[in-house]
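A short write-up of the structure that comes next.
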Amino acid sequence: MSASDFSSAVVVLAAGAGTRMKSDLQKTLHSIGGRSLISHSLHAAAGLNPEHIVAVIGHGRDQVGPAVAQVAEELDREVLIAIQEEQNGTGHAVQCAMDQLEGFEGTIIVTNGDVPLLTDHTLSALLDAHVEVPTAVTVLTMRLDDPTGYGRIVRNEEGEVTAIVEQKDASAEVQAIDEVNSGVFAFDAAILRSALAELKSDNAQGELYLTDVLGIARGEGHPVRAHTAADARELAGVNDRVQLAEAGAELNRRTVIAAMRGGATIVDPATTWIDVEVSIGRDVIIHPGTQLKGETVIGDRVEVGPDTTLTNMTIGDGASVIRTHGFDSTIGENATVGPFTYIRPGTTLGPEGKLGGFVETKKATIGRGSKVPHLTYVGDATIGEESNIGASSVFVNYDGENKHHTTIGSHVRTGSDTMFIAPVTVGDGAYSGAGTVIKDDVPPGALAVSGGRQRNIEGWVQKKRPGTAAAQAAEAAQNVHNQEG
């Protein structure tokens with residue numbers, strides 16, 4: 001029988017202060033790979049499809065509670081909350097959780113909110129090992145080349161766990177053991193409930209230790225076994241910023257490898273960062289210095305980078321995005337973006353469209369084949385199909401109090417340095433001359449021009465700026481002109 005044939009519940013411990021993070025943000029809310037630490041733990045728990053998930057929170061619960069609720073919404077399932085008013089040890093934390101599991105009979109897995117690399121696959125293997133042979137407690141263990149600081153797993157000849165011995169209490173013989181406690185357990189619910197009632201705080205810390213449940217269970221004749229994780233790196237806890245960075249790097253390494261095995265070419269994995277929710281198609285090329293964040297979706301045959309950051313972006317098949325920062329927007333199939341393009345939320349670039357160098361967009365819809373080649377701001381605007389916006393154009397959308405919309409039709413050609421003073425509409429097929437300030441609607445097919453003939457005021461610089469370098473240069477040039485004349 002497998003774990004899926006048995007009822008299970010998962011308890012996630014996340015009540016600690018995490019003082020070593022030296023942060024106003026509660027420890028489990030720090031993020032790697034686009035998710036908070038506790039979000040990673042809750043996703044792993046949900047992967048078991050347990051009957052119940054309980055998050056035990058305490059320190060910083062005003063921050064952690066809403067975060068847990070948000071993850072529950074993402075998972076589309078209930079996550080129960082247990083409050084540990086005083087952080088009185090791991091045993092006390094699980095006692096608090098049991099109030100939410102009244103009447104539950106089955107297997108309870110206890111894990112932590114600061115082990116972001118732990119997968120549902122490993123938790124499922126622990127659950128399978130626990131139910132395969134009836135056991136009171138199954139400890140998830142790991143083997144380390146350097147086990148210093150960890151509680152050693154002592155087994156008898158039958159392979160049962162007889163003790164978890166902390167480093168400070170271990171003899172030389174025990175210190176030589178490389179199998180250590182991960183802090184993740186599977187318990188028989190009834191035995192756990194009974195043993196928790198017997199916990200005592202007669203130890204150096206004056207706390208209730210969850211590990212004492214193992215001794216109580218063995219004292220009552222119940223078997224305690226261990227299951228060794230296939231990859232010890234999954235069980236690395238995060239207690240400070242160094243460990244946060246290390247866990248983030250390892251998670252990213254795994255994510256990048258998965259993308260490459262899925263058909264993407266990543267030129268330099270060391271400088272490419274991909275969040276866990278990102279989706280990447282086949283035959284994608286990702287150049288160095290690229291960050292793909294949030295729920296970004298990359299289609300097939302897309303080229304991204306170098307030096308590009310995309311957050312919650314959707315990139316259509318065959319598109320190219322170079323040296324661009326983009327947020328919460330959509331790029332159509334076979335479109336080209338960059339270099340040095342800033343795409344702000346609410347932008348949609350149609351298929352075969354173009355956003356060129358030093359272009360900024362916000363709340364802009366740009367139709368199929370339309371181009372904004374360079375040095376332009378497009379905000380609060382709609383541009384039809386196959387239109388071209390000249391260089392250095394500005395969509396002037398703010399009057400000091402309110403934002404206004406500009407509508408550009410299809411097959412429009414605007415000259416360089418055109419200003420669109422919103423609200424304004426430019427009809428299909430219209431043109432504008434260079435330097436035009438468009439304040440009124442332009443009919444379809446019309447040419448818009450503004451400003452009178454150029455007037456040159458001779459001698460203005462020498463009169464108004466006498467003695468300046470400009471005046472001296474002008475006078476010298478005029479003298480040469482007069483001599484040649």
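Just so it is clear, glycine is given a Cβ too, placed from its N, Cα and C backbone atoms.
Keep in mind the model is a prediction, meaning the values are calculated, not measured.
So that you can see what the record holds, here are the features copied from Swiss-Prot:
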- 1-241: region 'Pyrophosphorylase' (REGION)
- 13-16, Lys27, Gln84, 89-90, Gly151, Glu166, Asn181, Asn239, Arg344, Lys362, Tyr377, Asn388: UDP-N-acetyl-alpha-D-glucosamine binding site (BINDING)
- Asp114, Asn239: Mg(2+) binding site (BINDING)
- 263-485: region 'N-acetyltransferase' (REGION)
- His374: active site, proton acceptor (ACT_SITE)
- Ala391, Asn397, Tyr398, Ser416, Ala434: acetyl-CoA binding site (BINDING)
- 469-478: compositional bias 'Low complexity' (COMPBIAS)
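Annotated pair Lys27 (UDP-N-acetyl-alpha-D-glucosamine binding site) and Ala434 (acetyl-CoA binding site), C-alpha to C-alpha distance, rounded: 56 Å.
In sequence order, the recorded positions near Asp114 (Mg(2+) binding site) (Cα within 10 Å of its Cα) are Leu13, drawn from Leu13, Gly151, His374, Ala391, Asn397, Tyr398. Helix first, then strand, then coil: DSSP counts for the compositional bias 'Low complexity' (469-478) stand at 10 helix, 0 strand, 0 coil. Within the chain carrying the compositional bias 'Low complexity' (469-478), a Cβ under 8 angstroms from the stretch's Cβ atoms is held by residues 461-462, all 6 or more beyond its ends. Local packing around the Cβ, expressed as the count of other Cβ atoms within 10 angstroms, is greatest for Tyr377 among the binding-site residues Tyr377, Tyr398. Gly89 (UDP-N-acetyl-alpha-D-glucosamine binding site) and Ser416 (acetyl-CoA binding site) are 69 Å apart (CA-CA, integer value). Using Cα positions, the member of the binding-site residues Ala391, Asn397, Ala434 nearest to Asn181 (UDP-N-acetyl-alpha-D-glucosamine binding site) is identified as Asn397. Listed in sequence order, the residues of the same chain lying 6 or more apart from Gly89 (UDP-N-acetyl-alpha-D-glucosamine binding site) and placing their CB within less than 8 Å of its CB are Ser201, Gln205, Glu207, Leu208, Tyr209, Leu210. The maximal spread of the acetyl-CoA binding site, taken as the longest Cα to Cα distance among Ala391, Asn397, Tyr398, Ser416, Ala434, is 22 Å. Long-range Cβ neighbours of His374 (active site, proton acceptor) (same chain, at least 6 residues apart, Cβ-Cβ under 8 Å): Gly356, Gly357, Phe358, Val359, Ala391, Ser392. If you take the C-beta of Ala434 (acetyl-CoA binding site) and look for same-chain residues 6 or more apart in sequence within under 8 angstroms, you find Gly390, Gly415, Ser416, Asp417, Thr418. Most Cβ neighbours within 10 Å among the binding-site residues Asn397, Ser416: this distinction goes to Asn397. The number of other CB atoms found within 10 A of the CB of Asn181 (UDP-N-acetyl-alpha-D-glucosamine binding site), across every protein chain shown, is 23. Neighbour density for Ala391 (acetyl-CoA binding site): within 10 A of its CB lie 19 other CB atoms from the protein chains shown.
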